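**Student:** I have a structure I would like to understand better, so I am pasting it below and will then ask my questions one at a time.
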Amino acid sequence: MASLAAVIVLSLAGCSTDEPVTGPSGGPPSTGAGTGEQSKFFVSADYEAELAMLGATATGPAGKPWEQVLNPTMVDTASFKKAGPHKICFSNAALNNPWRQVGFKTMQAEVETHRDKIAEFVHVDAEGKDQKQIADINDLLGKDCDALIVSPNTTATLTPAVEAACRTGVPVIVFDRGVDTTCPVTYINPIGGYGFGHVGAEFVAQKMKPGGKVLALRILPGVDVLETRWSAAKLVFDRAKVDVVGVEFTDGDPAKTKKIVDDYLQRYGTIDGIWMDAGAVAVAAVEAFQDAGKPVPPINGEDQLDFLRMWKDQKLTAIAPTYPTYQWRTPIIAALRILDGEQVSNPWKLPQPTITEQNLDEYLDPDMPPLHYAMCGCTGLPGYPQRWK
Amino acid sequence: MSALSFRAARRTVPGVYLALVLTLAIGWLVVVLSGGTLFTQATVVSLLHVAAGLGLVAVGQTLVIIGGSLDLSVAYVVSLSTLVAAEAMNGSDTALLPGVLLALAVSAGIGLLNGLLIARTRIDAFIATLGVGLLLKGYLDSGYDGPAGATSPALVQALGYQRIGPVPMSFLLLAAVAAGAWLTLRRTRFGHHLLAVGGDPEVARLSGVRNDRVLVAAHVLCSLCAGLAGVYLAARLGSGAPRVGTEGIYDLESIAAVVIGGTALAGGRGGVAGTVGGVLLLAGLDAVFNQLQLDAFAKQVVRGVVIIGAVAVYARRVIGKGRS
Amino acid sequence: MQDTLPRRALPVRAGGPLPILAILGVLLVLVAIRQPDFLAPASLMSFLGRSAPIILLAAGQYFVIVSGEFDLSVGSLVTAEVVIAARLIDGDPDRTWPVMALVLVSAAFVGLVNGLITSWLRVPSFITTLGMLLILVGAVYLWSDGSPKGELSEQFRRFGRRAVEDVPVLGRVPYALLIVLLLAVLATVLMRSDFGRILVAVGDNPRAAELSGVRVGRTRTIAFVLSGCAAGVAAILLGGYSGVSFQAGSGLEFSAITAVVLGGVALGGGRGSVAGAMLGALTLELLFALMNFFGVSGTVRPAVQGAIILLAVAVSAARSPSR
C-alpha cells in the first residue's frame, strides 16, 4: 500500500519509475567443471544438488507428485493471508509448443477444481518475447491481482520485472524457469535440466557398446533449460569416454533431424547411441535409422506419446527422462495455500520421474493424441480426456 | 480539383491514425462491455513500451524502404546491439556512454556492410540483408548461449523504466528519433535524394543524385536505429540477450508497421509519421487482445488481415488520386 | 504500381544457370573427397528424394519471382497443409486419397487468393504473402489448439518416405524423386510454351507486356496458383518424409527464395530459368549435407550458409553487365 501511494505521489509529481530499487542480484555462474569446455550456465553446486535429488524421496501425498516436495524448506506466508474468493493472474512466457499447451490446459483444469476460491483467473501470453512479458507483468500489476504467477521466458532478463512485482506486495510465484532473485514467495520446478540430461546420458552410455559413437541432437542453442541438460550429458559422456561424434541443432524440425541422422550414418557407418535434449524429434530420429535399414541404437526421448508408442511397438532400447507438465498444477495450489496463510516450501522442488521399460505401460494412453505429454498428472482433472485432445 | 486538394490535405495526416483511433475505440468498447478496462495507466505504459522497441526499428526500416531497399537483418542487429552495449558496460555507470557508442558504432558498421553489398556489389537487398542476417546469427549462436553482460544501472533506470506520467522515456526517445527522421526526409537534401532514388533511380541518377551513396547512408541510418532499439532493450532487460531480436520478429514486424503506415514498399513514397502510427496500431492490437485474453494465434490472423487490408486501402487511394 | 521493391532500387543482372552448375560442381568435388560413398547410387537416390520438397518449392517460387512477384507464404502453407492432413486423416487409411486431393486443391486456392489480392487489390505481393503467412500460421494453430492433432496414414506417408525397390543399377528410387522428375519436366515444358514466354515478359517489363495485350494480372495470378500447387505437393512429400509437426514448413519460404536466387533467377522478374531455380535448391541441400559430412559446428552453420550465399550471388552479379 505504501509503495502504491509512493507510485501515485510520484506520478502526480509528473515523474516516476517502475524500476526495482534492489541492486544487482544473483551470483555469477561459476566456471565449468568436467573435462569438456562447459557452458557458462553450468553451476557445479546446482548440478550436484540435482543429481542428489534424483535419488531422494519426496514428502507429500502419495500418487500426487504435483503436491510433493523434495527437501522441503518451509516459509511463513501469514502476511499474505487474505479472504477469498481471489483473483489470480498468470504471466505466461509462451503457448507455442505442445509442452506448454498441455501444461496450460492442465493449469486451467486445476483452476476449475477451485471454483469456490478463485473468482477470476487472468492469463496473459507473452508469445515468447521477453519485452512483451515485462510489459505484461507491469500491466497485470495494475489489475488488483491477489497473487501473481510468472513463468519467465528468460531467467536473467525477467528478473527486474519480477522484482518490481514483488515490491508491490503481491505474492509472486515463479515456476518452470527461475529468476535471479529470491523475492518470490516460492519458486516451483521439478528437479531440473541437469537431472534430465544426466538420466538420458547415463542410460545411453551404459547401454551402448563401450567407446561407441554418440550423436547428440539438440533443439536450439542459447536456451537455458536446454543448455543445462546438455552440460550434464556432456559430463557423463566425458567420464564414460564415449565418442561424441556430433552435436547438432534440429530446430525441433523432424525433416532436418532425419537429414542430419542420415548424413551421420553415411559418414560413420553406424551410430551407437542418440542423446536428445528434448523429445520433440525423437520419433523422427528413430525413423531415420529405420529408413536407412539400420538398427535403432539406445536413445532417450521424452514423455510424448508418439515416442512412447514407438518405443513399445518397435521394442526400442530407450528411456524417457521427463520435465513433467504436472508442474503447471502446483502454482495454483501454492497460490491458494499462500493466500490462506499456510506455509509453503521455497524452493518447491517437484519429483521428476523417469519412464523406463519397467513402467512404460503405465503411461501408454491409447486415447490421447500423439503429441500429448503422458506426465501431465491430469487424468483426474475435470474435462479429461476431452480437454487435452 | 477540390476533391483532389481535399485528398492531398488529408494525406498529410496518414490514414493509419484514423485506423488507430477506430481500433482503440472499438477495442475499448469491447473491453468495457466484457467488464474490463483498457486505458489504465499500467496498460498505457505497457503499450508505449512495446511500441518504443518496435518503433525505433521501424523508423529505420522506413528510410531504407523509401529508398526502394529493405533490411531483413535488423532483428539480429538488435540482438547484437544489446550484447555489445551490456558487455561493454558490464554493470558500471562510468562505461554507459562508451557502451552506447560502441553498440551504435557496431550497428552502423553492419549498416555500412549492407549498404555496400547492395549499392556496390549489386546484390539484391532481400538476399544481401538475409545473408548478413545469417552471418550475424552464426556469430550470436556460436558466441552466446544465453543472456550476457549487465547494462549500466543508470541506463536501466533512465531509459528502461523512467517515465513522465504514463509516457516512458523510451517512447520519448522514439518520438525524438522519428521527428529527426521526419525532418531529414522533408527538409534535407539527403531526404529529397532518398525519395528520388526510391521513386525512380534512373531519373534520380540523371538529375545528378549519387544513388549509391544515398542508399548506403540510408542503410547506415537503418542499422543505427536498430542499434538504438538494442540499447533500449538492453536497458529494459538489464542485460544483453542474443535472441531478443528474433523473438520479437523485428524484421517482419517492422516491415509490416512501415507498410501499414502508408509507405510504399516499392519506394519513393511515404514517411515516418505513418510508421509510428502503424507501430501504435500493432501495439494497440496487442493491448486489446491482452485485455480480452484472446488467443495470440487469433491475433496473428487479425494482424495478417490488417496488414493486407491497410495496404489495399492505400493502393485504392493511389489509384483514385491517379484517376481524379 | 505493384512492382516489387528491389527491382526499383538496383536491378541484379544475374546470369544464366552456369554459375550454379559451377557451384554445384565444386560442392560435388568436395563431397567426393570427403565422403566418396555418398556418390554411390543408393545414397544419392535417397538424397535426391529427401531434397524433393525444397526443389518443388523452388520451382513454384520461380514462377512467381520470374513474373516479378514474391511468395512468402509457401512455408506456412506447407505447415498448414501437413497439420490439416494429419487431423483429417487421423490415421485412417481410407481417407488418404480424398485428403490428398483436398490438400492440393486448398493449396492452389491459397495461391489463387494471393494472386487475386495482389493483382486486383494492387497490394504488393511481399505484403499479401506476408499477411497470408501470419493468417495461415495463426489459423492453423487456432484450429488445432496450439498442438498438431491426429496422424498421417502410412499410405499418405509413403510418397515422401518410401521408394520403388530393386531397380537395376540404382537400387531404390524414392517416389518423391519420381514425382519431382515428372513435375520438373512439366515445369520445363510449361516455360517453353507460350505461357512461359508471357510469364517472363510480364516480369521483365509489365507495362510493355500490357501494351502488347497481355493480361498481366491474370498471368501473375496463375503464377501464384502454380506456387500454391507446388507447396501442396511439397506438403505431401514433406509430411510423408518427416511426419506431422508445426515445424514442417517453417522457414522454407526463405530457403526457396534463396535457392531461386542462387540458381541465377533475378528478384524483380524477367530473368532466369526454372532448371536453374531447381538446381539452386539442390545446391543448398547439398551444402547442408556437406556441412554434416565436415562436422561444421551447428552454431556457425548459419554464418557459413550466409557467407556462401553472399559470395555466390555477388559473383554472379559481378559477371553480368551492369546498367
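FYI, residue positions are counted from 1 along the chain as it appears here.
Yeah, the Cβs are placed from backbone N, Cα and C, and that goes for glycine too.
Please treat TrEMBL annotations as automatic predictions, because they have not gone through curation.
As annotated in TrEMBL:
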TRANSMEM  B:12-33  transmembrane segment
TRANSMEM  B:39-60  transmembrane segment
TRANSMEM  B:72-89  transmembrane segment
TRANSMEM  B:95-118  transmembrane segment
TRANSMEM  B:125-144  transmembrane segment
TRANSMEM  B:164-185  transmembrane segment
TRANSMEM  B:214-235  transmembrane segment
TRANSMEM  B:271-289  transmembrane segment
TRANSMEM  B:301-319  transmembrane segment
**Student:** Which of B:39-60, B:72-89, B:125-144 has the most Cβ pairs closer than 8 Å to the transmembrane segment (B:214-235)?
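**Tutor:** Ranking B:39-60, B:72-89, B:125-144 by Cβ pairs under 8 Å to the transmembrane segment (B:214-235) puts B:72-89 first.
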**Student:** Tell me, please, if the transmembrane segment (B:164-185) and the transmembrane segment (B:72-89) are in contact, taking contact as 3+ Cβ pairs under 8 Å between residues separated by 6 or more positions?
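**Tutor:** Between the transmembrane segment (B:164-185) and the transmembrane segment (B:72-89), contact is absent.
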**Student:** Using a threshold of three or more Cβ pairs below 8 Å, and leaving out pairs closer than 6 in sequence, do the transmembrane segment (B:72-89) and the transmembrane segment (B:301-319) count as in contact?
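**Tutor:** Not in contact, no.
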**Student:** State the residues, same chain only, that lie 6 or more residues beyond the ends of the transmembrane segment (B:12-33) and have a CB under 8 A from a CB inside it; answer 'none' if no residue qualifies.
**Tutor:** 39, 260-262, 271, 273-274, 277-278, 280-281, 284-285, 287-288, 291-292, 310, 313-314, 317
**Student:** May I ask which of the stretches B:72-89, B:95-118, B:125-144, B:271-289 has the most CB pairs under 8 A with the transmembrane segment (B:39-60)?
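**Tutor:** Going through each listed stretch, the top one turns out to be B:271-289.
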**Student:** Mind checking which residues of the chain, 6+ beyond the ends of the transmembrane segment (B:95-118), have their Cβ under 8 Å from one of its Cβ atoms?
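**Tutor:** Contacts with the transmembrane segment (B:95-118): 69, 71, 73, 77, 80-82, 84-86, 88-89, 124-125, 128-129, 131-132, 136, 151-152, 154-155, 215-224, 226-228, 230-231, 234.
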